[in-house]
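Undergrad: Structure incoming, see below.
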């Protein structure tokens, strides 16, 4: 019998991905300090935080054992780590700084088997090339989508696609914060496969 699956995230976007994959899961929000360590690269940061989120959920879950998914994401432009904008002004500022540039998103993914006390961590990169945007286009985009809770100030699964001239990476779900191809590969090692009959 496979262990129950828990998503260690409050993100509705990550839940939507798991729903599309026909996975049965519970949600437990982790409560961790997400501060970066000064010498940490973006890849190290998201890997560490994804694992920390998965391990934090173990302390809060109601199951004896489970498979816990932790995930974290940052956007990097010109060597600077970008977070969620939080408000309209910051979103406009972020998007304006991306004009004609490539922004790399790093998504850390952790799958933690609490029974075996084993945690596998992967970091998936994804590049977004922004086209030449006008100030009016940026203002209108922010007005229509309110991307204040999204790293990089856009929702690629919606109108955000109109901001780009190109995408480069293994899995477009990585932009939404949960690389599904890597996740399914990791889950299969724990006996979880949505294509198998129960």
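Cβ atoms here come from the backbone N, Cα and C positions, even for glycine.
Here's the feature list from Swiss-Prot:
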ACT_SITE  72  active site, proton acceptor
SITE      13  site 'Important for substrate specificity'
SITE      73  site 'Important for substrate specificity'
SITE      157  site 'Important for substrate specificity'
Undergrad: Cα of residue 157 (site 'Important for substrate specificity') to Cα of residue 72 (active site, proton acceptor): how many Å, rounded?
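TA: Counting only the Cα atoms, the answer is 18 Å.
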Undergrad: For residue 73 (site 'Important for substrate specificity') and residue 13 (site 'Important for substrate specificity'), determine the Cα separation and express it in whole Å.
TA: 12
Undergrad: Same chain only, sequence gap of 6 or more: which residues have a CB within under 8 Å of the CB of residue 72 (active site, proton acceptor)?
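TA: Listed in sequence order: 34, 45, 46, 49, 50, 53, 107, 108.
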Undergrad: Once the DSSP letters are reduced so that anything not helix or strand counts as coil, what is residue 73 (site 'Important for substrate specificity')?
TA: strand
Undergrad: Within 10 Å of the Cβ of residue 13 (site 'Important for substrate specificity'), how many other Cβ atoms can you find? Include all protein chains, please.
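TA: Step by step: centre on the Cβ of residue 13 (site 'Important for substrate specificity'), count other Cβ atoms within 10 Å, giving 17.
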Undergrad: If you count, for each of the recorded sites 73, 157, the other Cβ atoms lying within 10 Å of its Cβ, which residue has the minimum?
TA: 157
